[in-house]
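Feature list (source: Swiss-Prot):
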| type | residues | note |
| --- | --- | --- |
| DOMAIN | 1-141 | domain 'Globin' |
| MOD_RES | SER3 | phosphoserine |
| MOD_RES | LYS7 | N6-succinyllysine |
| MOD_RES | LYS16 | N6-succinyllysine |
| MOD_RES | LYS16 | N6-acetyllysine |
| MOD_RES | SER35 | phosphoserine |
| MOD_RES | LYS40 | N6-succinyllysine |
| MOD_RES | SER49 | phosphoserine |
| BINDING | HIS58 | O2 binding site |
| BINDING | HIS87 | heme b binding site |
| MOD_RES | SER102 | phosphoserine |
| MOD_RES | SER124 | phosphoserine |
| MOD_RES | THR134 | phosphothreonine |
| MOD_RES | THR137 | phosphothreonine |
| MOD_RES | SER138 | phosphoserine |
Amino acid sequence: VLSSADKNNVKACWGKIGSHAGEYGAEALERTFCSFPTTKTYFPHFDLSHGSAQVQTHGQKVADALTKAVAHINDLPNALSDLSDLHAYKLRVDPVNFKFLSHCLLVTLACHHPEEFTPAVHASLDKFFSAVSTVLTSKYR
């Protein structure tokens, strides 16, 4: 459960990301594909090379979903319901992949914002990404 301090940390950190969210989303996806090659199986139609337009576009989608989640941090299930349906019923993404992407998002944010990435912010973002992952996998059976 996200505490008030966690929510404040997440909002403050995400606010500093600003216009770089899509760039960081794409970088985190690239890290995920490199570090966890089995994740590539969900994107057989993508050009997964560094900087590809398809990875950039999907990175922006990831960033947009996380931006929406931050904006609705007190009601993640309703905010992410459509995305949860998509991943559970249509895409059927293995839930472990959300953990992989979450880890790569943390690494990416730490690389770009080391001064803001305190232990408290790290813990808050980790809890937030975990909460988002839980919502996205809540409709799996």
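Any Cβ shown, glycine's included, is placed from N, Cα and C.
Computed from a predicted structure; not experimentally measured.
Annotated features, which come from Swiss-Prot, shown on the structure.
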| residue | record | CB count, 10 Å |
| --- | --- | --- |
| SER3 | phosphoserine | 10 |
| LYS7 | N6-succinyllysine | 16 |
| SER35 | phosphoserine | 12 |
| SER49 | phosphoserine | 10 |
| HIS87 | heme b binding site | 22 |
| SER102 | phosphoserine | 19 |
| SER124 | phosphoserine | 22 |
| THR134 | phosphothreonine | 15 |
| THR137 | phosphothreonine | 18 |
| SER138 | phosphoserine | 14 |
Cβ neighbour count within 10 Å of LYS40 (N6-succinyllysine): 13
The domain 'Globin' (1-141), counted residue by residue under DSSP: helix, strand, coil: 107 helix, 0 strand, 34 coil
Site of maximum Cβ density within 10 Å, from recorded positions LYS16, HIS58: HIS58
In sequence order, the recorded positions (SER49, HIS58, HIS87, SER124, THR134, SER138) whose C-alpha falls within 10 A of SER3 (phosphoserine): SER124
Spatial neighbours of SER124 (phosphoserine), counting only the recorded positions LYS7, SER35, LYS40, HIS58, SER138 and Cα distances within 10 Å: LYS7
Reported mean pLDDT - the domain 'Globin' (1-141): 95
When distances run from the Cα of SER138 (phosphoserine) to each of the modified residues LYS7, LYS16, LYS40, SER102, the nearest one: SER102
